[in-house]
Amino acid sequence: MAKLAIFFALTLSFLPFLSHSFSPDTPTDRRILVLLDDFSLKSSHSIFFTSLKSRGFDLDFKLADDPKLALQRYGQYLYDGLVLFAPSVERFGGALDVAAVLDFVDSGHDLIVAADTTASDLIKSVATECGVDFDEEPSAMVIDHQNYAVSDVDGDHTLIAADELINSDVILGKTKIEAPVLFKGIAHSLNAANTLALKVLSASPSTYSAHPTAKLSSPPSLTGSAISLVSVVQARNNARIMISGSLDLFSNRYMKSSVQKAGSHSKYEKSGNEQFVIELSKWLFHERGHLKAGNLRHVKVGETNEPAMYRIKDDLEFYVDIYEWSGNSWEPYVADDVQVQFYMMSPYVLKTLSTDKKGLYHTSFKVPDVYGVFQFKVEYQKLGYTSLSLSKQIPVRPFRHNEYERFITTAFPYYGASFTTMAGFFIFSVVYLYNK
Amino acid sequence: MASPESTINGPTKADSKSLRNAFGGVIAFIILVLIGVLAFSIRLFSVIKYESVIHEFDPYFNYRVTQFLSKNGIYDFWNWFDDRTWYPLGRVIGGTVYPGLTLTAGTIWKVVNSLNIPLSVETVCVFTAPIFSAFASWAAYLLTKEVKGPGAGLTAAALLAMVPSYISRSVAGSYDNEAVAIFALVFTFYLYIKTLNTGSLFYATLNALAYFYMVCSWGGYTFIINLIPMHVLLCIVTGRYSSRLYIAYAPLVVLGTLLAALVPVVGFNAVLTSEHFASFLVFIIIHVVALAYYIKGILSPKMFKVAVTLVVSVGLAVCCAVIAILIAVVASSPTKGWSGRSLTLLDPTYASKYIPIIASVSEHQPPTWPSYFMDINVLAFLVPAGIIACFMPLSDSSSFVILYIVTSVYFSGVMVRLMLVLAPAACILSGIALSEAFNVLTRSIKFQLPGIAGNSTVASEESGSSSVVAPSDVSKTEKTEEVAKEKPVKKNRKKEKENVEKKPTPSKTERRLLVLPLEASVIAVLLLVLLGAFYVVHCVWAAAEAYSAPSIVLTSQSNDGGLHVFDDFREAYSWLSHNTDVDDKVASWWDYGYQTTAMANRTVLVDNNTWNNTHIATVGTAMSSPEKQAWEIFHSLDVKYVLVVFGGLVGYPSDDINKFLWMVRIGGGEFPHIKEPDYLRDGQYRIDAQATPTMLNCLMYKLSYFRFVETDGKGFDRVRRTEIGKKHFKLTHFEEVFTTHHWMVRIYKLKPPRNRIRGKTKKSKSSRSVSSKRDVKGKRNPWH
């Protein structure tokens with residue numbers, strides 16, 4: 001009942017916003033289910049959770065093996081996002097299983113998966129389904145003898161001070177993360193052919209993945225830059241997934257601790273974890289980097305109505321609106337690299353669109369001298385942004401029978417020839433018939 | 001035939017003759033009307049047995065075009081760019097279609113509607129073919145009458161009205177170009193012969209117009225524009241040049257070519273392609289000959305000789321130069337300026353060697369012997385007799401008919417569909433043969449029957465002498481069977497022909513020699529009537545049973561005698577039109593393209609207008625590729641649904657699996673990674689456990705046999721009469737969305753690309769798949 005009230009309150013508080021924005025479509029998630037191994041995580045990771053709550057998210061904490069667990073009821077999803085902070089859970093409770101989690105993602109919802117050395121097969125298989133392969137070795141950890149964080153216990157090189165972050169303002173925010181990010185957990189790798197997954201926090205070349213105490217008998221399977229520490233996946237339906245090899249990354253302890261990277265003299269009072277995690281979660285829950293395009297339209301130059309068909313060599317103008325979600329409203333998206341294709345099996349025209357900085361993109365071009373069924377295509381895939389893929393079919397016809405030139409100057413000799421022949425024949429006939 | 005002699009008693013000779021002519025005219029008219037009714041009504045079996053529906057494939061396209069025409073008018077039709085076929089290329093319908101049929105039906109519809117008779121376009125389309133077959137019969141009457149008189153004409157018209165070959169293309173609902181083209185063909189020939197006989201410029205002009213209508217209607221017009229020059233050449237070579245010949249030919253070439261160039265689909269082809277070359281060559285020759293005759297007329301014989309040597313020496317040099325240039329021009333084009341279909345006619349092996357897409361069409365195959373008997377029946381035996389009759393005497397017009405039958409027999413031997421061109425020729429010649437035979441036999445009877453002979457003055461004169469000749473003829477008739485009987489009859493007829501035409505007096509004495517013994521004549525007449533009766537029985541059977549099936553609705557007799565109807569095609573098409581988006585693209589083999597656009601109103605990639613070989617090859621390649629590659633090809637063409645026709649459950653033999661090798665061949669012609677031997681096991685096409693892995697993994701196999709094993713537990717294919725090779729499999733990139741009641745049409749939807757890309761397959765999994773592969777397949781699958 002309380003939840004319902006909150007939901008109502010939320011909806012009510014949104015009403016004015018809804019009526020003001022030009023579209024009721026709000027991509028930001030609002031209801032998030034957090035699955036935990038035990039409730040102590042609630043306090044040990046409270047900074048992260050508080051940050052989410054303060055940004056308006058409605059968190060619902062549950063134990064991962066809660067028998068009443070359900071993501072949807074009556075075919076409607078109860079949550080917009082799922083946070084799996086339960087690395088060791090072997091089986092979810094209730095109606096939840098791997099397939100349900102993946103269906104959740106495939107219907108456009110977001111997911112955070114955090115693992116650590118105790119990661120169960122369940123968590124690993126969720127990650128694999130999303131294109132992230134955790135190290136197969138059961139107790140292997142990420143070890144780096146050069147880029148470890150200096151700590152009291154000497155010789156423990158499993159606490160990594162990672163600073164190889166992805167270079168993207170969209171994903172990690174405009175403010176640069178100065179301090180290294182503390183990481184302690186397991187390694188994973190991405191399939192190079194996977195175009196959907198990105199390494200957000202990658203390991204240094206001296207990293208490897210192995211059991212920290214056992215002696216290495218064979219070369220570790222995952223080494224160097226192949227290792228990713230934190231990755232994100234943006235599915236084709238723009239659902240976003242974050243997979244981290246370390247649950248501690250999100251913990252209050254790491255966020256607050258000071259960090260000094262081995263071999264470096266600069267010591268930071270505070271690690272980069274808090275900024276990293278919070279900025280990444282903003283991206284993840286669609287507070288940033290969510291584009292929407294629409295209102296694809298085209299007119300023949302000098303006309304106002306959209307035609308059903310063009311003729312070859314017509315001049316046309318093309319418009320499309322692109323907006324970006326800023327977290328609470330749609331703002332014009334400004335970029336100079338949006339292109340439109342005039343496409344029939346291959347692009348016949350490829351034009352960069354110019355924008356008026358109010359969200360309207362525009363260009364004009366001449367229809368090629370080829371008839372067929374064309375498409376206006378806007379395919380926009382930029383790092384960190386949701387991908388835009390719009391198309392609109394438009395046939396292009398050849399000239400009508402009366403649209404060709406009626407008289408051709410170069411053909412005047414032929415016209416002359418035919419008329420003189422006709423006249424000559426007429427005269428000949430008259431002379432032949434009546435001149436006897 | 002239509003001779004009403006027996007009714008005449010009494011009045012003076014002149015009176016009786018004119019009365020007889022008038023009476024004959026009336027009877028001939030009534031008979032013609034009856035023939036028209038017969039031609040129309042014998043084609044209605046399809047409507048009575050099934051329903052008033054458009055048949056087959058091409059007629060659906062014509063129907064769709066007619067609908068467009070009736071809705072949008074002729075100018076929009078002319079400029080119609082159709083964006084719903086050949087996606088994404090589109091097709092300029094107005095410029096690539098022979099508009100004759102459509103315009104004809106559209107005009108009929110318009111006229112009928114302006115008379116406040118509210119017929120639907122479909123009704124008009126369904127009944128266009130029967131109406132025009134009545135016209136064709138009348139045209140055959142006119143043509144044969146010009147050649148051999150009204151009796152032969154009526155016989156020919158009656159034969160044509162019900163010849164099975166023509167019925168097969170013109171039953172109600174068979175709304176195809178040939179329906180009107182055969183009428184146009186025969187009518188053009190009639191006007192040519194008429195001009196040749198009369199030398200009238202009026203008919204020559206009409207002839208050009210009829211030729212224009214033929215050009216509008218059917219690509220077969222090239223037959224006319226090659227046959228007539230051949231005949232003109234024949235006349236010139238045999239020394240039959242006359243001004244009538246010139247008038248019949250020259251205006252036709254000039255006006256006809258000008259008019260033909262007006263038809264968008266022909267355009268400049270009328271002067272550029274080799275199909276039309278013969279007409280221009282003969283046009284030049286006839287002028288040279290005309291000039292020679294003219295000069296011969298004004299010069300003295302001596303001077304003429306000098307002139308001839310002069311002209312021949314100079315002309316020969318010029319001709320050599322011109323011909324050399326022409327050959328060079330023609331040889332520079334790869335197909336020597338001929339279209340693929342024409343080349344197939346000249347060299348029957350051409351298509352199977354170079355153009356699989358032409359060879360793949362069943363109606364472009366050479367016919368089998370039984371099909372001659374099926375399609376023209378007894379006419380095949382009467383035609384030789386008719387040819388002999390035409391030689392007695394050989395006139396300009398009868399030589400044309402002979403040329404017509406000879407060429408059309410050749411063409412029909414190359415392509416089954418050209419049987420249609422043979423049919424009118426066979427009817428005309430058989431009509432001549434029958435009529436001549438009856439003429440001789442009935443006269444023999446008449447002269448020998450005492451009662452009638454006494455009344456007739458002509459007969460009494462001749463009756464005495466008839467016995468002189470009779471014995472020799474009797475021996476012949478008795479020896480030979482009914483077919484051979486025509487031959488002696490024919491010999492006699494030579495003289496007889498002459499008196500029908502112009503000069504009755506000198507032949508009177510010869511005519512006495514023509515009389516056969518009474519008994520032989522009576523028996524021969526009876527046998528001929530019996531022959532005709534067999535023909536009628538056969539034609540009615542063919543019309544009712546063989547050629548009336550609309551092919552979109554199939555029927556079969558169940559064991560208890562009941563009728564089982566398979567209406568799967570329309571079920572599938574209406575499913576498409578109700579359950580898919582208007583702009584969705586449907587991929588299928590090209591056979592079903594016209595039907596999909598017309599009945600389901602969905603965009604298709606390829607259709608029965610096979611103008612773009614590459615595009616068809618793309619679809620063929622997709623069908624013969626494994627699922628993933630096929631999905632990629634279809635996805636790149638924006639295809640949403642794939643439609644396959646599958647006959648394995650009910651035993652419908654012309655399904656996609658049986659056509660599949662053509663898809664492989666056509667696809668392999670453009671994309672060499674598709675190789676026909678990969679689909680054959682030891683040169684045999686099979687789909688059972690012995691089939692090659694490529695075959696068992698290709699899309700067509702999978703889409704046809706997906707879940708098939710669930711029907712009977714074994715997966716027994718009733719068309720191939722074998723159990724299928726791969727029974728249990730899943731589709732990864734396609735999902736089944738609809739299968740009709742008898743599984744004849746199966747529709748699949750392309751799955752969208754995967755939302756997520758999975759991680760690496762686990763080691764355990766890959767090792768398992770490797771081992772299973774090794775177990776199941778002896779030979780390596782080239783796709784993996």
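Each residue, glycine too, has its Cβ placed from N, Cα and C.
Marked as compositional bias 'Low complexity' by TrEMBL: B:456-474.
Residues or ranges marked as compositional bias 'Basic and acidic residues' in TrEMBL: B:475-506.
The compositional bias 'Basic residues' annotation in TrEMBL covers B:755-766.
What TrEMBL records for B:26-429 is domain 'Oligosaccharyl transferase STT3 N-terminal'.
Here TrEMBL flags B:583-642 as domain 'STT3/PglB/AglB core'. Averaged across the domain 'STT3/PglB/AglB core' (B:583-642), pLDDT for the predicted model comes to 90.
The region 'Disordered' annotation in TrEMBL covers B:456-506 (among others).
The region 'Disordered' feature in TrEMBL is assigned to B:755-784 (among others).
Note on the transmembrane segment (B:21-42): residues 2-4, 7, 130-131, 133-134, 136-138, 141, 150, 154, 157-158, 160-162, 167, 539-540, 543 of its chain, located 6 or more positions outside it, place their CB under 8 angstroms from a CB of the stretch. Per TrEMBL, transmembrane segment is recorded for B:21-42 (among others).
Panel annotation: around the transmembrane segment (B:124-143), residues 32, 35-37, 39-41, 43-44, 47, 52-54, 59, 62-63, 66, 101, 104-105, 108-109, 112, 150, 153-154, 156-158, 160-161, 166-167, 169-176, 179-180, 182-183, 186-187, 189-190, 193-194, 424, 427-428, 431 of the same chain, lying at least six beyond its termini, place a Cβ under 8 Å from a Cβ of the stretch. Marked as transmembrane segment by TrEMBL: B:124-143 (among others).
Annotation source TrEMBL lists transmembrane segment at B:149-167 (among others).
Positions annotated as transmembrane segment by TrEMBL: B:179-204 (among others).
Residues 98-101, 103-104, 177-178, 180-181, 184-185, 187-189, 191-192, 245, 248-249, 252, 256, 259-260, 262-263, 266, 275-276, 278-279, 281-283, 285-286, 341-342, 399-400, 403-404, 407-408, 411, 418, 421 of the same chain, all 6+ positions outside the transmembrane segment (B:210-234), place their C-beta atoms under 8 angstroms from a C-beta of that stretch. Here TrEMBL flags B:210-234 (among others) as transmembrane segment.
Per TrEMBL, the feature transmembrane segment maps to B:246-271 (among others).
Residues 225-226, 228-230, 232-233, 236, 241, 245-246, 249-250, 253, 257, 271, 304, 307-308, 311, 315, 330, 337 of the same chain lie 6 or more positions beyond the ends of the transmembrane segment (B:277-295) yet place their CB under 8 Å from a CB of it. Taken from TrEMBL, the feature transmembrane segment applies to B:277-295 (among others).
Nonlocal intrachain contacts for the transmembrane segment (B:307-331), taken as residues 6+ away from its ends with a CB within less than 8 angstroms of a stretch CB, comprise 274, 277, 288, 292, 295, 299, 337. Taken from TrEMBL, the feature transmembrane segment applies to B:307-331 (among others).
Annotation source TrEMBL lists transmembrane segment at B:372-392 (among others).
By the count of Cβ pairs under 8 Å, the stretch nearest in packing to the transmembrane segment (B:179-204) among B:149-167, B:246-271, B:399-416, B:422-441 is B:246-271. Looking at B:149-167, B:246-271, B:399-416, the range that has the most CB pairs within less than 8 A of the transmembrane segment (B:422-441) turns out to be B:149-167.
Residues 1-3, 24, 28, 31-32, 35-36, 38-39, 42-43, 133-134, 136-138, 140-143, 182, 186, 374-377, 379, 419-420, 422-424, 426-428, 430-432, 434-436, 438-439, 500-501, 535-536, 538-540, 542-543, 546-547 of the same chain lie 6 or more positions beyond the ends of the transmembrane segment (B:149-167) yet place their CB under 8 Å from a CB of it.
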